[in-house]
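See structure below.
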Amino acid sequence: MGAELSLLAPTAQPIALSVYVDFLSNIQYNKPLGTSRFLKTVKGLNDQGSIVVKVLVKPNSGLDLSEWVEKLEFLRLKLLDVPNVIPYNLVIDSVRAGYLIRPFQQRTLYERVSIQPYLEPIEKKWIAFQLIHAVMECHERGQYHGDIKSENVLLTSWDMVFLTDFAPFKPIYLPGNNPSQFSFYFDTSRRNVCYVAPERFLGEGTPTQYQEVDKLTSSMDIFSLGCTVAELFLEGSVLFTLPQLFKYKKGEYTPSLSGIVDNDLRNMIQEMIDLDPRKRISAHDCLRKHRGKVFPEYFYSFLYDYMLELSTPSDHSVGNWRFDECDRRIERIYNDMGMICDKLDVNLDLNIVHSFTEEPSQNVIPMTLRLPGVEPHIPQSSKTPYDSALIILNILLHSMRNTTHSSYRIKSCDLILMISEMLSDEQKLDRCLPYLVHLLNDPSIDVQAAALKYMTQLLLLVDYLTPVNVLIFPEYILPKLASFLSTTKGSYMRMIFATILPHLAKTALKFYEMAILLGSHVEKFELLKNFENLTIQLLIDPDSSAKISLLKNILPLASVFGKDKTNDIILSHMITYLNDPDENLRVAFIESILGLSIFVGITSLENYILPLLVQTLTDNSEIVVVNVLRSFAELNNLGLIKKRYKFDLIKVSSKLLLHPNSWIRLGTLRLLISVVKDLSLTDFYCLLYPLVRPFFEYEVTNFDWATLYPCIIKPIPRSIYTLSITWALKAEKTLFWQQVKLAKPDPFGSRNSTFLLNRNSKIGESGVVSNNQIPTSPEDIGWLGKLKASGFDEKDLWKIATLRDYIFRVARSRSNIPTQENNEVTMQQMGIYPRIVFFEKGSMYETEGFVTGSSMMANYRILVNSEYSPESLTKRKTVGGVNTNHTYSGANPYILKFLECIKFRHVLDDSEEFGPSIPSATVEEGHWKFEGVLVSHLTEHTGSITSLALSPDQQYFLTGDSKGIIRLWDVLQLERNGYATSHVTVSMSSSVKDIKFIENRNSFCAVTADGEIKIFRVEINSTSSSVRSNGSPHRHESISLLREHSLEGEHISDMKFIGPNLAVTTLSCKLILFDLRDMQIAEEIQNPVSHGFITSFDLDSSQSWLLIGTSKGILDFYDLRFELLVKSWKLKSTSYPIKHITVPPAGFTCNRKSERFALINGGTNDSVTIVFDVSKGQCSELYFTETVNLNTAIDNYEVLEVDNGEERTRTSVLATEVEDRSITSLTMLGSNQFLTATFDKRVILWDTGNKANSSALISKLDDFTSSFSSVQVRPHLMAINEKIVEKDPQDIGGPKRNMASANSSTFDLHSDIITGIAVIQKPLKMLILVDRAGVINIYK
């Protein structure tokens, strides 16, 4: 631009800079930056964020800048792909001014050098490396900066370098005798620092022709670069001022580099600032020559490229802030941590936690780090610090501050702790700790909890303090903790705080000791006072969980406070916990008292702890009593219980050998054995043995576990114990429970009362009361009668009397327990409120039409009394998928991702082709007055009828036979005319295996033995213009094929609809679930092949469990929530196939339980229906017919658990000569009735609610009738048995003569076994039976 510009520039600004900036569109003036006279610099704002605007105010004479606009645009394009460079991204030339615009960066290298925490040597080398690399990239592209200095080097918060403010427009050469030119163009910060190469200053004798070669060179930039690098390593000290540079040019001054300890680094800078431009090293040679010397090898091989990848925004990022970029960086570093350690040559001595090591849940500290690529380990400081980790730490800390989701901040805590292992103790406290403390203010309680835990673990790693950090606890950490605890109300956070507080107290004491060694004055009293206040807040916290957490970690805190303060502060509060209604708190107190007893000493143990524990033996919670007995044994093993207390302790606790709880008895026995070990033979036989002898069946000589355990006397049964507690609570006029005062307390200072005895009676040393010593009132005698009715032997009354002090106290304490409210923490209590989002559902693509035909009606074939092949039926293609739109308008990427992942379950209402939903017929509960009149006898089928299905509205029913023929029958026609022919016939490819209707729809599925699956729709059209002779309108039925699928090479054994899906089982032991929309396999379960092929299956109403029956008589129970085979069972002595499994409706009850039973036929050769309890794996009820001998058969119904690998099959079962006498068909009738068909062609209606109301509906026994009775054969098993008796002669030929058994026609009864049963509820209640001979009989 010429040196004359400095002469033309005005000394005072005539117009405010904001006016010049306002000239620019979309840019708003913010504030001035610097005081330069050449380029006025301001900070502005545009739609991308903050920017820097440099304004060149043109002199009045005018100035043409078009040439420089082109040059700067060319420079921008050349440097566009250089990562560490920020050229001007916009250059504007106007009439009044020129504008240079670039992005704003908060910090320059000049500022960063003087900001804490100060740069470590590795960070300085990293900045220098990037700066040299940036200059090298520019020079390789033929572009030169012209004004490299620390003010023109920008730094991010993670120390990424950007070289900016390129100045090719500034004068190349300056007069050596006019400093004002230098000050105008280059000394913009008024620091009087000169980094301009000395050859750019011209002396008086310099020829003018030399000035005409107006071109920057790389050596000029290298000199400025060397000065900038030197300033970086000299902690801000500059190499040259302008006068010093003039002297340096003349050889009269040598800059001092003595502050740089590294010889290689010092030599590198000297090579860069050499007075002779030709001897200066190039940027490329500098990086090459000093590789592995000044700059570590991993700068070149890994770190530079890796940091560029982390710093470069991804393509999908939008907006200026790019918060999602911080999430991406954290995730990337988290997954790459193992690789990063390897590339940075970090070798940590990991305290590895093996996979089989189970860490107790209460041990929050020490933590175990589990990061991808890194062995799980407990953090510990490295013997050799690895400062290279600071570079990764810087970008991690920046990303953590700006991440959008709490999960990434928690991952950042993991990474901070991992990286802190590589750092020095000073760096841990200066770099890592402040960020963890800052997270205590995070809105997420998970992040707060992580911050507490990781902060504690980090402080545990510190073994050395600097003088700067000696007051870190009293002045920084403790005030933060006090503020945090006072504002934290959540139960979870207070639990975590209570867990880490003892560890922090111990660490604070360690820091205090280190501070004393450094000669610093730290007040220990104030330090302990702060922890005392925090501890008291937790000890009196209304939330039991916080107190429990503190108790589990109380020993470190006690060691900090010392014996006296532990007694005064901790123990005085803890003993009140035994009166707390929360049994978990009482248990936690007892578990912690052992270690605390060792610390506080024998005096506190005898005066406070031991008497309280003895009183706790009568706690209403049995788990508390178990823990008290365990504590007594452990205290005795440690020698903390003196001899004089041991006998009293045994006398008090030995009565508990009569307690029904086995853990209490075992705890008492363990205490007894522990005490015996410390006694001499004399003390044992003279003092101890008389106390415990009444509680053993036999005389014992060895007091060890193997001898004593088998000899313990039989305890009080649980039922008697519970009834005794009720007796103690309700008895008013009682002598048994009447107490009398004692003159003096017991050795433990309590229990100054005992129970009333008969006159002249006295309790022995053992405390055992004999039966003749027990007084009873008339009311007591009544209660004793109740005990006898419950199986109590009156000769054992002494056991209750001996234990009545315990029973009485337990009864009283239970009656005083307040009703506890639900302690669950709701989301609203945590400050999380629901947000309602509505979804709109629409088809993603249109449903295709029919495959053939020009119209919808053209595709329906009416098949009347004729057979058609499957190919003649129409096919419809699948419906489309479901597209969902929601009303959420926010931009949170995690919520959006969650909403996108929501899958809506397909419902059949979305598919019109399955027909509209129709109401199902209502099942009438109660006794059925069955007449037994044969209404219709149908014989159209020429093959065995294998399946029977009644439509949901009971307008028609379907039958399928072994020849593959499906027939449709009109119920109304049968009811009116008594005879009928099938209305529609469909031919399948092979034997029809099963037919099932889709729930509440006129669509059904038929499966064949060869694996063919077809879904049909039944269309019923009533024509009012055409009427039958009886006046009812004619109905036309037609069947359309909707879906078909073939399982090649498979044979189907059973089939059921599960909501909108179809489940089929095959002989290859598979259960396959099809999606009805497209008949694609949605899920597949492979049952163990060794259990046999699947014969039947069913699910519960909530579809949470599945029961499968197999050909080997095995029942396989699946938990569908986890898709796991949980159990496998079979009956004890037989392995007959399971024929049929039905899960009854929700209203079915057995033993007042519901939704856990299945009705099973098979598994045995008996004519029986089993009610099986899947929750217990046992038979609950057995419904036997007359043909079964109950006395011999009942033992066969014990259920055994089967291993998944079991393949044994009873050969006797496979014998062909064994007659099959099992139930042939079963169907539910309402929720508490079911019908079964027996092998002898009879039909029985079983009433599970009132067993005696069961009846035989169809029977060949003309002069006999059935009666039903039930008997409890096992505690968990009831047998309901049919008994056939001869009818009363007066009833023969009477009104009941019209039963089916009384008709004499040959076709009244079935000649072959019945294969299907159905009950029509309307218009008349009728019974449909089909058999293996192809006959259909309908009765009313």
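For all residues, glycine too, the Cβ spot is worked out from N, Cα and C.
What Swiss-Prot annotates here:
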- Gly2: N-myristoyl glycine (LIPID)
- 27-303: domain 'Protein kinase' (DOMAIN)
- Leu33, Gly34, Thr35, Ser36, Arg37, Phe38, Leu39, Lys40, Thr41, Lys54: ATP binding site (BINDING)
- Asp147: active site, proton acceptor (ACT_SITE)
- 432-470: repeat 'HEAT 1' (REPEAT)
- 570-608: repeat 'HEAT 2' (REPEAT)
- 940-979: repeat 'WD 1' (REPEAT)
- 987-1026: repeat 'WD 2' (REPEAT)
- 1089-1128: repeat 'WD 3' (REPEAT)
- 1133-1182: repeat 'WD 4' (REPEAT)
- 1218-1256: repeat 'WD 5' (REPEAT)
- 1309-1340: repeat 'WD 6' (REPEAT)
I need the CA-to-CA distance for Asp147 (active site, proton acceptor) versus Leu39 (ATP binding site), whole Å please.
14
Sort Thr41 (ATP binding site) into helix, strand or coil using the DSSP assignment.
strand
Using CB atoms and a 10 A radius, I'd like the single residue among the binding-site residues Leu33, Leu39 with the highest neighbour count.
Leu39
List, in sequence order, the residues of the same chain other than Leu33, Gly34, Thr35, Ser36, Arg37, Phe38, Leu39, Lys40, Thr41, Lys54 whose Cβ lies within 8 Å of the centroid of the Cβ atoms of the recorded ATP site.
Val55, Thr188
At least three Cβ pairs under 8 Å linking the repeat 'WD 4' (1133-1182) and the repeat 'WD 2' (987-1026), pairs spaced 6 or more in sequence?
no
Would you kindly list the residues that approach the repeat 'WD 3' (1089-1128) from elsewhere in its chain, counting only those six or more residues past its ends and only Cβ-Cβ distances under 8 Å?
1053-1054, 1056, 1058-1059, 1063, 1065-1071, 1134-1143, 1145-1146, 1155, 1158, 1160, 1162-1164, 1172, 1174, 1177, 1201-1207, 1209, 1213
Which number gives the other C-beta atoms within 10 angstroms of the C-beta of Thr41 (ATP binding site), all protein chains shown included?
18
For the residue listed as 'active site, proton acceptor', the number of other Cβ atoms found within 10 Å of its own Cβ:
22
Can you work out which residues elsewhere in the same chain, 6+ from the ends of the repeat 'WD 2' (987-1026), have a Cβ less than 8 Å from its Cβ atoms?
860, 867-870, 873, 908, 913-920, 943, 946-953, 955-956, 958-966, 968, 1033-1057, 1062, 1064, 1066, 1074, 1076, 1079
Fewest neighbouring Cβ atoms within 10 Å: which of the binding-site residues Thr35, Arg37?
Thr35
Treating G and I as helix alongside H, and B as strand alongside E, what does DSSP give for the repeat 'WD 3' (1089-1128) in helix, strand and coil?
3 helix, 23 strand, 14 coil
Give me the DSSP three-state residue breakdown of the repeat 'HEAT 2' (570-608), ordered helix, strand, coil.
35 helix, 0 strand, 4 coil
Give the maximum pairwise CA distance in Å, whole number, for the residues Leu33, Gly34, Thr35, Ser36, Arg37, Phe38, Leu39, Lys40, Thr41, Lys54 listed as binding ATP.
13
